[in-house]
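Written below as structure tokens is the structure these notes are about.
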Amino acid sequence: MAWISLILSLLALSSGAISQAVVTQESALTTSPGETVTLTCRSSTGAVTTSNYANWVQQKPDHLFTGLIGGTNNRAPGVPARFSGSLIGNKAALTITGAQTEDEAIYFCALWYSNHWVFGGGTKLTVLG
């Protein structure tokens with residue numbers, strides 16, 4: 001899947017696209033450099049599965065979007081190995097192992113529902129230090 005397509009879908013979401021499903025993320029999390037932090041993504045329709053192709057997108061303070069994870073656990077080219085995607089229980093998860101101050105950003109989860117993407121509201125990650 002092309003990352004540009006996912007990012008364009010994110011922008012389209014802000015224009016008022018409507019879906020029956022609701023994707024929920026933590027609104028904010030705080031961690032310290034070197035710590036491991038896990039962000040989660042829950043679906044109102046039930047358990048998140050590999051068929052939802054969970055994607056994770058990072059938005060830095062300068063408003064640039066970077067695709068991190070596609071298809072639940074596939075890192076995009078050039079994304080550091082400290083970022084990993086998985087399914088934990090009934091949720092999709094993004095784990096940052098050994099967080100760095102440069103990881104401070106908003107992280108959006110997107111889930112696929114048959115013919116469209118639905119995005120969560122984003123998790124604002126603060127990295128102290």
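Cβ coordinates come from backbone N, Cα and C, glycine included.
Per-residue pLDDT, averaged along the domain 'Ig-like' (20-125), amounts to 96 for this model. Look at Swiss-Prot and you will find 20-125 tagged as domain 'Ig-like'.
The feature pyrrolidone carboxylic acid is assigned by Swiss-Prot to Q20, with experimental evidence given as support. A coil conformation is recorded for Q20 (pyrrolidone carboxylic acid) in the three-state DSSP classification, outside any helix or strand.
The feature signal peptide is assigned by Swiss-Prot to 1-19, with experimental evidence given as support.
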